[in-house]
Each structure stands twice: as C-alpha cells, then as structure tokens.
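Q: Under the heading region 'Disordered', TrEMBL lists 1-28, 264-303. The compositional bias 'Basic residues' annotation in TrEMBL covers 1-12. Residues annotated as domain 'THUMP' in TrEMBL: 141-248. Annotation comment: TrEMBL describes 270-280 as compositional bias 'Polar residues'. Positions annotated as compositional bias 'Basic and acidic residues' by TrEMBL: 293-303.
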C-alpha cells in the first residue's frame, strides 16, 4: 500500500517541498504601514540574525512581560479531521506540516519575523509589548553587564510606528505620533537621525526640516541638541515604508549597537564633546561599515 501511495504523488511534489524548505523566514509577510516592532541590522547572515533575535527578545520579553500565554483553543491543534483519510499518505503529510506550522506560529506570536525589503535588515513584528521599553531594557542590561549575547546582530532599533514614506503621510502621522514626548506640557531636547534604504524619492533635508518643525509646533520649548539630547527621533525608510521611534540614551548606548554597547570604554562616564558634536552634526554619519555596504546611502550634509 505504501509504494502505491507514493506513486500517486504528483511529479512536482518533491520540487515544491524543496522550494518551501529554501524559502527564508518571514517569506510571504512584508513590512507595511501600520506595523510596530523592532528593526535589526546584521552582518551578512539574516537567517542567523532572526534566530538570535528570537532568542534575545524571548529571554527579555519573558522577564518583562512573563511567558507568553495561549488560550486552550489556541493550544489545541486542529484535529477534527484526524480520523479522515488515514490511508492517504499525501493528506497525512499535509496535515502534519500544517500542525507543525501552526504550533510554530503560536510560539512566535509575540515576535514574528517579516520581510523588511532591504538586505541585511530584519524586521521583527511585535504584539502586546512596547518596543521602546523592551529594547531600552536590553541595551541597559548589556551596557551594565558588558555581556555579549549576539554574534551577527549589529543595531536593534525599536519601531513604535510606521506609515507610508511620502512627505504628506509622514507629516500627518507624526503630528499625533510625537505627542507623548513633545506636546506641551511635555518637552525635551532632541535630534533627528535619518536613514533611507532602497528609496530615492525622499529628501533627507526636507524630512528633517519638516519633522523638526512639527516637534517645535507641539511645544516651543522643545530644542535641538546635537551633543546630548534627551530624545532621538529615529527615521528609518525602507522602500515605501517609514519606520519611526523616539528613543532615549541613543549616544550612551552607541546608537543602539549591541556589539559596541558591551565594550568597556571610559567615555561612558565622560563623553568627548568635540568628537560627539562632529558625530551628531551630520545626524547619523557613524553607521557601521557593514550597514553602509548593504544599504542605499543618502548623502550626509550638516545643517
């Protein structure tokens, strides 16, 4: 019966299976406006980067939010048709693959990899957590302990909001998005860092000028500080999606670089003002070499 069942398989059965096996993680799920999550840059190995991200985020996610909970309904795999077509090997295989896939999706539900749209960039979509708090907690712990926990992950940036990467969409979106940090009575010093990948229709100077104007309109006491700002507005554009966040300790945590933050350096306690001014005057000039090679660079000019 077994050889007969094998003969019934279509000619393309194994080829299709091989194609599915080669498909990268996140295939079929694309970064799009409306998502929140964590943008991660890596050094040439995206698959390993995803694995490291799941491990690191899972570890700290459980510490901050507790183990992910599933309802009884979600924990039960679909088994209503378990007794049907037991003799059909093809149907049994499909059912098993479906059950494994469903189980995997459940385990990764809090953190789910999606295709970012750029090389050496991974996007982990989050649900039920605050990306800024989680990433800041990870960097703070690594900065304090100096324990290296990743090999291929470079930078880890929380993305609290996304919109379409067109100036009108960004202006409309940020008028509300910036309010928790900059709308009176809230205020703070800030800088804006900008990075564009696989996008040529946005102007860096125009984006920074417009977003800085919006921050100023929310409270005139918000002031630009390129040396040691309270907040750093991160603008990451990939294709037609604009990823946004407002982060703390951007300079202290080495631009949120996990490889750099664990290095012992006396400048943690006393930054060099001259080098820091030069570094920040061009917004985000100090990207790592690996990131610069894998992304479409935008010409940096000081204000």
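Cβ atoms are placed via backbone N, Cα and C, with glycine included.
Could you place these features in context, so I can see how deep they sit and what lies close by?
A: In the predicted structure, the domain 'THUMP' (141-248) carries a mean pLDDT of 97.
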Q: Helix, strand, coil: count each for the residues of the domain 'THUMP' (141-248), based on DSSP.
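A: Across the domain 'THUMP' (141-248), DSSP assigns the residues as follows: 35 helix, 37 strand, 36 coil.
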